[in-house]
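Residues annotated as ATP binding site in TrEMBL: Gly123, Pro124, Thr125, Gly126, Ala127, Gly128, Lys129, Thr130. The coiled coil feature in TrEMBL is assigned to 471-498. As annotated by TrEMBL, compositional bias 'Low complexity' applies to 415-426. TrEMBL lists 39-364 with the feature domain 'Kinesin motor'. The region 'Disordered' annotation in TrEMBL covers 390-426.
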Amino acid sequence: MDAGGAAPLRRREMAAAVSGAGRCRPGKVGAGRRPPPARVRVAVRLRPFVDGTAGACDPPCVRGLDSCSLEIANWRNHQETLKYQFDAFYGEKSSQQDIYAGSVQPILRHLLEGQNASVLAYGPTGAGKTHTMLGSPEQPGVIPRALMDLLQLTREEGGEGRPWALSVTMSYLEIYQEKVLDLLEPTSGDLVIREDCRGNILIPGLMQKPITSFADFERHFLPASRNRTVGATRLNQRSSRSHAVLLVKVDQRERLAPFRQREGKLYLIDLAGSEDNRRTGNKGLRLKESGAINSSLFVLGKVVDALNQGLPRVPYRDSKLTRLLQDSLGGSAHSILIANIAPERHFYLDTVSALNFAARSKEVINRPFTNESLQLPVLAPIKLSQKELLGPSEAERAQGPEEEEIGSPEPPAAPASASQKLSPLQKLSSMDPAVLERLLSLDRLLGSQGSQRTHGLNTPRRERMVLMKTMEEKDLEIKRLKMKQKELEAKVLAQEALDPKDKENSSPAILQPLARRTVTVAKPLKKAVVMPLQLIQEQAASPNAEIHILKKKGRKRKLESLDASEPEEKAEDCWELQISPELLARGRQKILDLLNEGSARDLRSLQRIGQKKAQLIVGWRELHGPFSQVEDLEHVEGISGKQMESFLKANILGLAACQRSGPS
C-alpha cells in the first residue's frame with residue numbers, strides 16, 4: 001500500500017478541483033438553463049484489523065495501490081486480482097482528519113451558496129461506518145467536525161456588516177423497520193415523507209432545533225443519539241439496527257434589497273450495514289430488523305442501477321430510505337459516498353459487494369442548483385393623521401358640537417348607495433367617527449402582525465383620492481344611462497297611447513322599448529346531410545320541390561319539411577339507401593388505391609381497420625403484391641367473410657354517399 005507524502009497532497013488538489021468545478025453560481029444559472037452536472041464522489045476507507053477477532057493474523061484480502069485505487073483477490077481465480085478506481089482511497093493508517101479534510105470539508109462551502117450536500121456512510125456491518133460518522137471523544141468523526149466548521153462559517157458570513165443573516169437548525173431521525181422516527185422527539189411516532197411543489201423532500205412534524213454554537217449542538221445531539229436503536233450480534237456488540245439521518249439546514253436572508261432568501265441542507269447519513277444472518281446469528285426481532293435493513297439497501301441498489309441505465313422510472317418510492325435520499329442520488333445535492341470495508345477474509349463477499357455498489361454509485365449524476373427565492377420586506381403601516389384621513393370638511397365636524405353650531409349650516413349628505421357601502425375605498429367622510437376609530441385600530445393591528453396586504457385606510461392620500469374620483473365618475477355614468485333609458489321608455493308608452501290611425505300614419509322610425517334582456521338567436525350551421533337516392537332523383541326531376549332533411553329522434557326517423565309546420569312520419573322500409581353504380585365504383589377504387597399505396601397509419605383511417613389489421617394488410621401486400629380488387633382482403637389472415645362484409649358496408653357505401661351529399 002502506497003501511503004507516502006504525495007497522497008495527502010493529491011487528495012487536497014482533487015478536493016479543490018471538486019470544490020471549484022462542481023460549484024453552481026446563482027448568477028449564471030438562469031430559469032431556462034439546466035444546472036451543471038456534478039457526479040457523486042466516492043471514497044473508500046479500509047479499517048484496520050480488530051484485535052481478538054477470527055482471522056486477525058491472516059493476510060488482508062484488500063490492498064491499496066495508491067491514493068485512488070485498490071485491488072482485491074479474485075475469488076474465481078486466486079492468481080488474479082480485481083482493481084477498482086475511486087475518487088479517494090484511505091488505508092488502514094488514515095486518520096479521521098484525513099477523511100474529513102480530503103472528502104467532506106470541501107462541500108461545506110456549497111451550503112452558503114444555497115445548495116444541498118449529503119454524506120453517506122455505506123458498508124457491511126462491522127466495517128466502521130458509525131466510527132467514521134461519529135468517532136470518539138479522542139477521534140471525532142465526520143458529524144462533529146462538519147458541524148464545528150459549519151457553525152464557524154456561519155458566524156463569519158453572518159456577522160455584523162455582512163450582507164447576509166444566517167441561522168442554523170438541526171433535525172435527527174432514524175428509519176427503523178420502514179418507520180421514520182424523530183430522535184429529538186421520540187413520542188412523535190411514525191412520520192410521513194412528503195414532496196412540495198418544487199420537488200423538495202420534507203417531513204412534516206419533524207422537530208427542528210436552532211443551534212448557534214457547538215455546545216448547543218451537543219446538548220441536542222448526544223441525548224438523541226442514545227435514542228437510536230442498537231443491538232448485539234455475533235459480529236458487533238453495538239450494531240446499528242436503523243438508518244440514522246442528521247439534517248442540518250442553513251437559512252440565509254439578505255439584509256438589503258432585493259431581500260433574497262437562500263436555503264441549504266446538509267444530510268449526514270449513517271446507513272445500517274447489510275447482514276448475512278448465517279454469520280450474525282440473528283433470530284426473532286434481530287432477524288426482522290435484518291430483513292428490513294437488507295430490503296432497503298436492495299432498493300438503494302435498484303435506484304443506483306436505474307439512474308445509471310437512464311430508466312424512465314426510478315424506484316425512489318419503494319423504500320423510505322431511497323425516498324429520503326432522492327436529493328442525494330440523482331437529485332440536487334453534492335453527494336459524497338464513503339464506502340467502509342474490512343480487511344478480514346471472512347468479510348470477503350461483503351467487501352466485494354460494497355466495492356461493486358461504490359463503483360456503480362460513482363456514475364450517478366446530480367444537478368445541484370441554488371435554492372433561492374425573493375421575499376419582499378414587511379413594510380411598517382403608514383401613519384396618517386386624522387385630519388388627512390377625514391378631509392377638511394369631516395375634520396371640522398369631528399372637532400365638537402360647539403364648533404358645528406358656529407359654522408355655517410350645510411345641507412345633509414345623501415345616503416350612500418349599496419355599492420359605496422360595500423366598497424373598501426369609500427369616502428371616509430361618510431363614516432361614523434366611532435366606526436372610523438375602530439377601523440383605524442384594526443388596521444394598526446394588522447400592520448403590527450406583519451400582514452403584507454394593501455389596506456384601504458393606509459393607501460396614500462393621492463392614490464385614494466384618484467380611486468374615489470374614478471368611482472364617482474362611474475356612478476354618475478350609470479345614473480345618466482338609467483335616466484336615458486327611462487326617457488326612452490316614457491316615449492314608447494306615450495306612443496302606445498296614441499290612436500291606431502295615428503300609429504299607422506306615424507313614421508316607421510319610432511323607437512321601440514328597450515328590452516330588459518336581449519336574446520340573440522344563433523344562425524343555423526351548415527350541415528352535410530345524407531339523403532336517400534329516391535328523394536335525390538325526385539328533386540332532380542322537379543327543381544321546385546321542397547328540400548327535406550333526415551333527422552333521427554330516438555328510434556323513429558321523421559321527415560321535417562323546411563316550410564311545413566308538422567313533421568311527417570315515414571316507415572322505416574322507405575329509407576333504404578341506394579347508391580348509383582358509378583358512385584360505388586368510385587368508392588371501391590378509392591379503397592383499392594388506399595389498400596395498395598397507403599401506409600399502416602393511412603389504413604387505420606378506414607372503418608373497422610385497427611392497428612393489428614393494418615399491419616396484417618401491409619405484410620400481405622409486401623409478400624403477395626398489390627390487391628387486384630377489394631374482395632382480396634379475405635385472403636389476409638385474420639379477416640373473415642363477415643368482417644369483409646361489414647368492412648364494405650362501413651367504407652365503400654359510406655364514401656360513395658358522402659361524395660354525393662352536399663351542404664343543406
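Glycine too: its Cβ is placed from the backbone N, Cα and C atoms.
A quick note: this is a predicted structure, and the numbers were derived from the prediction, not measured.
The structure, with features from TrEMBL marked on it.
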| residue | record | contacts (Cβ under 8 Å, 6+ apart) |
| --- | --- | --- |
| Gly123 | ATP binding site | Lys129, Leu271, Gly273, Ala339, Asn340, Ile341, Asp350, Ala354 |
| Pro124 | ATP binding site | Gly273, Ser274, Glu275, Ile341, Ala342, Phe347, Asp350, Thr351, Ser353, Ala354 |
| Thr125 | ATP binding site | Thr233, Leu235, Asn236, Ser239, Ser240, Ala272, Gly273, Ser274, Glu275, Thr280 |
| Gly126 | ATP binding site | Leu235, Asn236, Ser239, Gly273, Ala342, Phe347 |
| Ala127 | ATP binding site | Arg47, Gly273, Asn340, Ile341, Ala342, Phe347, Asp350, Ala354 |
| Gly128 | ATP binding site | Arg45, Arg47, Asn340, Ala342 |
| Thr130 | ATP binding site | Ala121, Arg238, Ser240, Asp270 |
Report summary line: Those same-chain residues, other than Gly123, Pro124, Thr125, Gly126, Ala127, Gly128, Lys129, Thr130, found with Cβ within 8 Å of the centroid of the ATP-site Cβ atoms are Arg47, Asn236, Gly273, Asn340, Ala342
Requested in this report: Pop the mean pLDDT for the domain 'Kinesin motor' (39-364) in here, whole number is fine.
Outcome: 90
